[in-house]
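Below: one structure, written as structure tokens.
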Amino acid sequence: MAAFSKYLTARNSSLAGAAFLLFCLLHKRRRALGLHGKKSGKPPLQNNEKEGKKERAVVDKVFLSRLSQILKIMVPRTFCKETGYLILIAVMLVSRTYCDVWMIQNGTLIESGIIGRSSKDFKRYLFNFIAAMPLISLVNNFLKYGLNELKLCFRVRLTRYLYEEYLQAFTYYKMGNLDNRIANPDQLLTQDVEKFCNSVVDLYSNLSKPFLDIVLYIFKLTSAIGAQGPASMMAYLLVSGLFLTRLRRPIGKMTIMEQKYEGEYRFVNSRLITNSEEIAFYNGNKREKQTIHSVFRKLVEHLHNFIFFRFSMGFIDSIIAKYIATVVGYLVVSRPFLDLAHPRHLHSTHSELLEDYYQSGRMLLRMSQALGRIVLAGREMTRLAGFTARITELMQVLKDLNHGKYERTMVSQQDKGIEGAQASPLIPGAGEIINADNIIKFDHVPLATPNGDILIQDLSFEVRSGANVLICGPNGCGKSSLFRVLGELWPLFGGHLTKPERGKLFYVPQRPYMTLGTLRDQVIYPDGKEDQKKKGISDQVLKGYLDNVQLGHILEREGGWDSVQDWMDVLSGGEKQRMAMARLFYHKPQFAILDECTSAVSVDVEDYIYSHCRKVGITLFTVSHRKSLWKHHEYYLHMDGRGNYEFKKITEDTVEFGS
């Protein structure tokens, strides 16, 4: 024991502690990278990210290329508001650097006055410091102002660009229903964009200021202590920077995983809010609590690993970028003073040596701190690489979807019970859509889901304006799929589809969508008030649409057309369905798809609505199980759910089924 204790010096203990922490770091890093691939026995909530195509999140040429691509969006022109803020920040950074140099020189002179007991010098330089305080404070706060404004400008530019792509045509629908590369786009469009913009601006500031400091201090120090000192510091920067960059590589990937788990956690919470009524009826709070806790547990486990990794990296960063850098600084600045034969200080007095040492030492200290900040900025750059990878992936997916390309796991034809095993493979977009008025015609169209699950192998029928069609069949037979193909939400896998343009085809769902806005907005959606004026439709005509669905009283009840309410809560189920029919009368399409949209409406009101649709020339495709609606239709399309269908004219001999 005595032989062992003699090695337990403070120095050896510190080295052992550092080695132990480094070992823990490497072990924890290995665990963190493989943790969620092995530990979780449950599949992820939304496995939308392909395992074979993981996004790179390291600082390399790919990262710089991606960052450059996004910067062109955020700074679109040479002369723009963002450029002005970039110049303002650059000017303020230069001014702040010169303020720092002046503060060092003036502070040294104040201390020289105190040590030399010169009341006159002390008062003069102290007065200079007091006089400069407002200017220095103004520079610092102008810098903060420029940084905050630039963050906001970048966020506005990037958000507008992404939403322009996201809300183009049906891209927002395709991303969630046709493509499975992006999970939780709301997380990317809100939090990730904000964090990316903040990280870019902070990195610009955290790199520009230290570089300016280094250039200026090298110039000042070279004349004071020679070129060898600054060169030694730069060499140390290069070696330590390469070493720390290598250690920080997992940060980018861990950042991507953090945002992914945050998105999943946000998704399950919003899902609970959206479906709260159904969950309450099922008394499913315990099950939902298990789901939320399970997702939250994955997030917490990852954050624990990330926190420990950052702690370990912070320990190493502090030693290498701060303390060892300071030691190197002391070694460099002390050389001309400890060298008794150095020509610069051969004839210097004690006071001159002291003043020269303070000034050179503080400049070198500031330079070493600047070098340390550059080294530490690598950590933020690695984190930025994670956000950049996610934003770039979102941009690429949006671009693909807007060009009709999407990626989704396709169902194997051998897994199907339909005669599709011998059929040629389905290719999204292989069919042809022909726009023509007053006709809907399916010509040898395979009805299939986006992942290739065939519902009907070959669908063919034709409907002209004026001939209403009743669509019936069990759940999952393809009724909603038919409408999605008609609405061009789903791709056409083959054949020819003749139909009117999108604006001449209207869809009324069982649970109508009530937009945010006024009572008028509920009737004319998606039009606005200006669109209503352009169409020449007065408020009196709108009132007539409400009267047609027996909702005229709601105008007085809710306080007029410009009343703003939460209409999803204010209107009952039947009122919402009738409001959707009033919306249909406002738009007057050639064809309308009614998907169980009168299930909460009385039979007499329903009968009047269908009669009025025929009167105004709206041809209907109706999904309903009510026998009372057969009299309003000329044809029926029955799907049996096993890939078969029949399209026939309704006659007196037709057996009506339903309730």
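Any Cβ shown, glycine's included, is placed from N, Cα and C.
According to Swiss-Prot, the protein has these features:
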- 2-61: region 'Interaction with PEX19' (REGION)
- K61: N6-acetyllysine (MOD_RES)
- 85-372: domain 'ABC transmembrane type-1' (DOMAIN)
- K260: N6-acetyllysine (MOD_RES)
- K399: N6-acetyllysine (MOD_RES)
- S424: phosphoserine (MOD_RES)
- G473, P474, N475, G476, C477, G478, K479, S480: ATP binding site (BINDING)
- K533: N6-acetyllysine (MOD_RES)
- S659: phosphoserine (MOD_RES)
Across the region 'Interaction with PEX19' (2-61), average pLDDT on the 0 to 100 scale: 47
Shell list (ATP; ref centroid = CB of G473, P474, N475, G476, C477, G478, K479, S480; cutoff 8 A): L455, S481, M639, G641
Cβ-based isolation winner (fewest other Cβ atoms within 10 Å) among the binding-site residues N475, S480: N475
Cβ neighbour count (within 10 Å, all chains shown) around C477 (ATP binding site): 22
Most crowded position, judged by CB atoms within 10 A, among K260, K399 as modified residues: K260
C-alpha spacing of K533 (N6-acetyllysine) relative to G476 (ATP binding site), in angstrom: 42
Neighbour count (Cβ, 10 Å) for K61 (N6-acetyllysine): 7
Shortest C-alpha distance to G478 (ATP binding site) - which of the modified residues K61, K260, K533: K260
Rounded inter-Cα distance in Å - K399 (N6-acetyllysine), P474 (ATP binding site): 37
